[in-house]
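Q: I am attaching a structure below and will ask some questions about it afterwards.
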Amino acid sequence: MIAVIMAALMSSLTSIFNSSSTLFAIDIWQRLRKKATEQELMIVGRVFVLILVAISILWIPIIQTANSGQLFDYIQSITSYLAPPITALFILAIFCRRINEPGAFWGLMFGLVVGFIRMVMEFIYTAPSCGEEDQRPFVLKDVHYLYFAIILFGLTVAVIVFVSLCTPPIPEENLARLTWWTRYSETPEKDMENCNHQNTEHTPQKEKDSAISSSENIDLTDKEHGEVKYPFWKKLYFWFCGISVNPKSTLTREEEAAAQKKLTNIKEEPVWKTVCNCNAIILLAINIFLWGYFG
């Protein structure tokens with residue numbers, strides 16, 4: 001039993017740590033340091049994982065005091081406070097074309113703030129012992145966290161839809177392959193951010209970046225002709241940071257476009273599509289039976 005729990009814990013933690021470090025390095029650190037190298041991003045990701053491990057260890061006493069030390073109840077309660085806004089936003093973004101960026105942002109912020117307030121209140125007002133009068137606020141005493149998750153989901157949906165309807169919609173040409181209804185669209189994809197900023201870019205900066213790229217390609221070409229030997233400590237350093245010692249081959253724009261098109265292609269073979277759908281229905285039925293039987 002312990003081996004099963006540890007295996008499940010390790011698989012969950014590794015995925016969470018990897019995704020969190022990637023989000024921090026790509027979405028946050030690159031905004032702070034726009035010219036960060038791949039080596040720097042790898043080091044930042046590794047350090048951020050260590051920080052997450054330290055926070056996880058320091059958070060153990062809080063888990064012991066919350067929900068009477070029951071880990072499963074604690075996980076479900078925290079998920080009920082923070083996951084419904086993200087779930088609502090994802091579902092609306094996939095199935096509703098009218099949802100836009102302001103609606104998504106303000107709806108997500110609203111849901112996270114409301115869920116965070118409930119989570120903080122859960123830590124401040126602890127549950128009374130057996131036989132004692134429950135003097136906690138109504139939202140804690142009479143609204144279970146699972147019911148609160150449903151309410152929070154509905155409120156987030158209402159805010160996202162309301163704000164989206166009050167603001168301009170996203171143009172149809174920018175929705176190619178971004179929603180369920182346009183997943184097979186053959187319209188060329190347009191990057192809204194690049195379209196909005198292409199007029200503000202300066203030619204000198206472009207030339208400077210081109211010159212830097214050219215010099216890097218020249219250095220890379222020179223290194224490809226001769227094998228570069230590194231000392232042992234540097235090879236160990238590269239291994240720890242996840243950096244490849246061998247230089248990568250450069251691809252042309254046509255090759256990159258072809259690889260990207262092949263990577264994003266979602267067309268399926270009819271036979272295997274039917275097999276996957278049947279397996280999904282069978283597994284879903286088994287899960288529903290197990291939840292109903294053992295629940």
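Just so it is clear, glycine is given a Cβ too, placed from its N, Cα and C backbone atoms.
Unlike curated records, TrEMBL annotations are generated automatically.
Take a look at what TrEMBL says about it:
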| type | residues | note |
| --- | --- | --- |
| COMPBIAS | 191-210 | compositional bias 'Basic and acidic residues' |
| REGION | 191-216 | region 'Disordered' |
| TRANSMEM | 6-29 | transmembrane segment |
| TRANSMEM | 41-62 | transmembrane segment |
| TRANSMEM | 74-96 | transmembrane segment |
| TRANSMEM | 103-125 | transmembrane segment |
| TRANSMEM | 145-167 | transmembrane segment |
| TRANSMEM | 271-294 | transmembrane segment |
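Show me how these features fit into the shown structure, please.
A: With a threshold of 8 Å between CB atoms, the same-chain residues lying at least 6 positions outside the transmembrane segment (41-62) that come near it are 13, 16-18, 20-22, 24-26, 29-30, 123, 240-243.
Long-range Cβ contacts of the transmembrane segment (74-96) within its own chain (Cβ-Cβ under 8 Å, at least 6 residues beyond either end) map to 63, 66-67, 104, 107-108, 110-112, 115-116, 118-119, 122, 145-146, 148-150, 152-153, 156-157, 160-161, 179-181.
Residues 62, 66, 77-78, 80-82, 84-86, 88-89, 92-93, 136-137, 139-140, 145, 148, 152, 155-157, 159-165, 167 of the same chain, all 6+ positions outside the transmembrane segment (103-125), place their C-beta atoms under 8 angstroms from a C-beta of that stretch.
Long-range neighbours of the transmembrane segment (145-167) within the same chain, counting only residues 6 or more positions beyond its ends whose Cβ lies under 8 Å from a Cβ of the stretch, are 76-77, 79-81, 83-85, 87-89, 92, 96, 98-100, 102-104, 106-108, 110-111, 114-115, 118, 122, 139.
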Q: Where else in the chain does the transmembrane segment (6-29) make close Cβ contacts, counting only residues six or more beyond its ends and a cut-off under 8 Å?
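A: Non-local partners: 36, 41-42, 44-46, 48-49, 52-53, 56.
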